[in-house]
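Working notes, beginning with the structure itself.
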Ligand SMILES: NC(=O)C1=CN([C@@H]2O[C@H](COP(=O)(O)OP(=O)(O)OC[C@H]3O[C@@H](n4cnc5c(N)ncnc54)[C@H](O)[C@@H]3O)[C@@H](O)[C@H]2O)C=CC1
Ligand SMILES: O=C(O)[C@@H]1CCC=N1
């Protein structure tokens, strides 16, 4: 069994660790986690019986190291671990704006590395992640990494140049999806539904609609049309939302997200 190490265990790292441990991909002896505030992880180590340690120990003892720290910390952290990681370690880079080439340059050698873009639904085994492997990863390395990402959801290999596109539609999108859900619940509360019921109806409508699109393979426009009765209620909502710029608000928000990714990768 390979040992998986996490350096940084905040929102994204923790969602991945919880997803991996819930799926029993490794036992607690093969999961080592470090964080700037290790005291925040005591509950995690109690539930999953995994090791909470420091960056040095994660670097020395892990076969696969996930760098789940903010992008601006990559240089500093890699400098402190580059001479102590195992020779054939696989480094997983999940940071927005940090490329495979950046990681190789920071290590000063052609370390095996994977550029990945997960999302926080990893916490409930429903992540969708994109992976791009450096050319020195062999088939076994790929299988080990895919097994990690599949333990908490689905994953697809994509060309690294498309990572920012994946980030806007998947890595970042839970934020806007939660905004939509919150707004939908507000709309129902305004009509008199209690808040908790409103969240349950809104979230289940989101799950059901997404599942319907994936399972039927039908165009989303066709599925939308199935809900809009002639002269009915839904078409009034659709017309008002178009008037208020719902779609362009989403598209322009995603453009801003991509632009920020490009800006971050220039630094
Ligand atoms: N939050 C998200 O939905 C997603 C985040 N990402 C990427 O994941 C990375 C982490 O993001 P978040 O989890 O959101 O950030 P976060 O701030 O929630 O977590 C980062 C963690 O790193 C710890 N940390 C700080 N300095 C450290 C050090 N020197 N050594 C060890 N640990 C240290 C902090 O205590 C914190 O718990 C970023 O690079 C981000 O681009 C990628 C996809 C989705
Ligand atoms: O907001 C961010 O920078 C990260 C990258 C993808 C999701 N969260």
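Placement of Cβ uses the backbone N, Cα and C atoms for every residue, glycine included.
Unlike curated records, TrEMBL annotations are generated automatically.
A quick note: this is a predicted structure, and the numbers were derived from the prediction, not measured.
Here TrEMBL flags 3-97 as domain 'Pyrroline-5-carboxylate reductase catalytic N-terminal'.
What TrEMBL records for 7, 8, 9, 10, 11, 12, 68, 69, 70, 71 is NADP(+) binding site. For residue 7 (NADP(+) binding site), the Cβ neighbour count at a 10 Å cut-off comes to 28, with all displayed protein chains included. Under DSSP, residue 7 (NADP(+) binding site) is assigned to a strand (E or B) in the three-state scheme.
Taken from TrEMBL, the feature NADPH binding site applies to 55. DSSP assigns residue 55 (NADPH binding site) to a helix in the three-state reduction.
Positions annotated as domain 'Pyrroline-5-carboxylate reductase dimerisation' by TrEMBL: 160-264.
For the NADP(+) site, whose annotated binding residues are 7, 8, 9, 10, 11, 12, 68, 69, 70, 71, the maximal Cα to Cα separation is 14 Å. For the pair formed by residue 70 (NADP(+) binding site) and residue 55 (NADPH binding site), distance between Cα atoms is given as 15 Å, rounded to the nearest Å. A simple Cβ count within 10 Å picks out one of the binding-site residues 11, 55, 68, 70 as the most packed, and that one is 68. In the shown protein chains, 25 other C-beta atoms lie within 10 A of the C-beta of residue 9 (NADP(+) binding site).
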